[in-house]
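Here's what TrEMBL has on this protein:
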- Glu230: active site, nucleophile (ACT_SITE)
- Tyr53, Asp138, Val139, Asp140: UDP-N-acetyl-alpha-D-galactosamine binding site (BINDING)
- Asp138, Asp140: Mn(2+) binding site (BINDING)
Amino acid sequence: MQSPQGLNGKVIAVTPWLAPIVWEGTFDSFLIDSIYQQQNITIATTVFALGKYTTFLKAFLESAEQNYFVGFRVHYYLFTDHPEQVPAVKLGEGRQLTVLKVASSNRWQEITLRRMEKLEKLIESRLVNEADYVFSLDVDTKFYGRWGAESLGRLIGVIHPGYYQTSRKRFPYERRPESQAYIPAAEGDYYYGGAVIGGFVKDVYKVAKTCREQLDIDAAKSIEAAWQEESHLNKYFLYNKPSKVLSPEYLWQDFKPNTNEVKIIRFSQVIKNYAAVRPNP
């Protein structure tokens with residue numbers, strides 16, 4: 001296992017299995033966007049905004065329209081228990097928003113645990129016919145910089161900003177062997193953030209289906225992995241390597257100061273009062 005952080009602020013731009021790690025300076029944005037625009041692709045983007053998380057929708061959507069796959073056909077699929085709270089945001093040409101009503105939950109852990117199931121069913125029922133790529137993104141986020149076709153590939157993971165500078169022994173993998181998300185101490189490549197999952201529709205479907213099945217097995221044993229779906233995602237990526245890995249530029253945290261490696265922040269989790277937005281501690 002190697003850290004994506006090199007020496008003296010330099011970065012490592014390839015994984016041990018030779019997949020690219022996308023950093024600023026490793027691609028020509030104009031060239032790669034023009035290549036993919038000729039393919040007339042549709043990028044589905046799923047977002048979950050339940051309970052008070054609807055308060056993040058306006059900033060998410062408005063910043064996405066300014067930065068996220070600008071010039072591409074994008075279809076947002078928004079899962080929410082409060083459709084009436086979805087803000088009216090002006091969308092660009094070729095971009096649309098579909099609101100999908102779901103039941104409320106009294107536990108934020110349950111909300112995250114069911115996201116894989118909702119994603120799996122949406123792909124089965126619609127996305128296989130409506131999109132070429134799909135990204136599942138957290139809503140309590142904001143786009144600060146360009147996010148384009150350099151992020152496209154068969155299976156996409158993002159390196160968690162809290163662990164890209166740390167050794168594997170400090171990764172918060174699920175360490176209980178009785179959980180389906182279990183990763184032994186000597187294994188693991190990176191710690192991936194669950195706030196971004198992407199790729200071909202059929203490949204993201206495999207991720208969602210496998211993680212949902214493993215979540216159900218754990219639930220039947222009354223086991224909840226350390227970081228819910230993120231733990232299961234890390235287990236999946238250990239044995240099904242991403243074809244491309246996004247650097248922490250594509251998943252930062254607003255409370256973190258910039259570092260030598262992160263030249264640009266494209267997408268970041270906003271500062272929030274968890275007690276105010278989550279239905280339970």
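Glycine residues also receive a Cβ, built from the backbone N, Cα and C atoms like all the rest.
Of the listed recorded positions Asp138, Asp140, Glu230, the Cβ environment within 10 Å is emptiest of other Cβ atoms at Asp140. The two recorded residues, Asp140 (UDP-N-acetyl-alpha-D-galactosamine binding site) and the residue listed as 'active site, nucleophile', have Cα atoms 16 Å apart. Taking a C-beta cut-off of under 8 Å and a sequence gap of six or more, Val139 (UDP-N-acetyl-alpha-D-galactosamine binding site) has these contacts in its own chain: Val47, Phe48, Ala49, Tyr53, Phe56, Leu57, Phe60.
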